[in-house]
Amino acid sequence: MDRRPLTWALVLLGPALAIALGPAAAQEAPEKLCGHHFVRALVRLCGGPRWSSEEDGRPVAGGDRELLRWLEGQHLLHGLMASGDPVLVLAPQPLPQASRHHHHRRATAINPARHCCLSGCTRQDLLTLCPH
């Protein structure tokens with residue numbers, strides 16, 4: 001039995017299969033991340049003090065509160081409040097009446113947490129939100 005045709009078929013089809021399957025494996029589907037799931041994914045990806053490595057699978061006590069302290073003053077805090085996660089919601093600061101409409105419109109337009117919750121985010125999207 002002559003194996004030359006089989007060998008040539010593998011030689012010719014091998015690289016074609018590698019090229020065809022390569023980009024599909026590199027692309028990742030966006031994942032919808034809301035509330036504390038968004039924060040945890042961001043911390044795992046970006047890193048953070050103490051609670052970023054949950055190596056044994058157990059969450060660190062008070063982890064959500066520490067996450068909020070880390071995010072204080074960051075552009076993501078408003079996104080967490082807008083996502084409506086009752087565990088993470090802080091009391092919003094009162095705004096003057098005249099600026100409430102503009103603030104809401106601006107927050108909706110540039111709110112990464114809301115975008116990740118509604119449309120989903122890839123790992124690369126989350127990397128752009130890392131502070132360092």
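Quick reminder: no glycine exception, Cβ is built from N, Cα and C everywhere.
Between GLN27, GLN124, Swiss-Prot assigns pyrrolidone carboxylic acid to GLN27; no such entry appears for the others, which is not proof they lack it.
Swiss-Prot lists a disulfide bond between CYS121 and one candidate from CYS116, CYS130; that candidate is CYS116.
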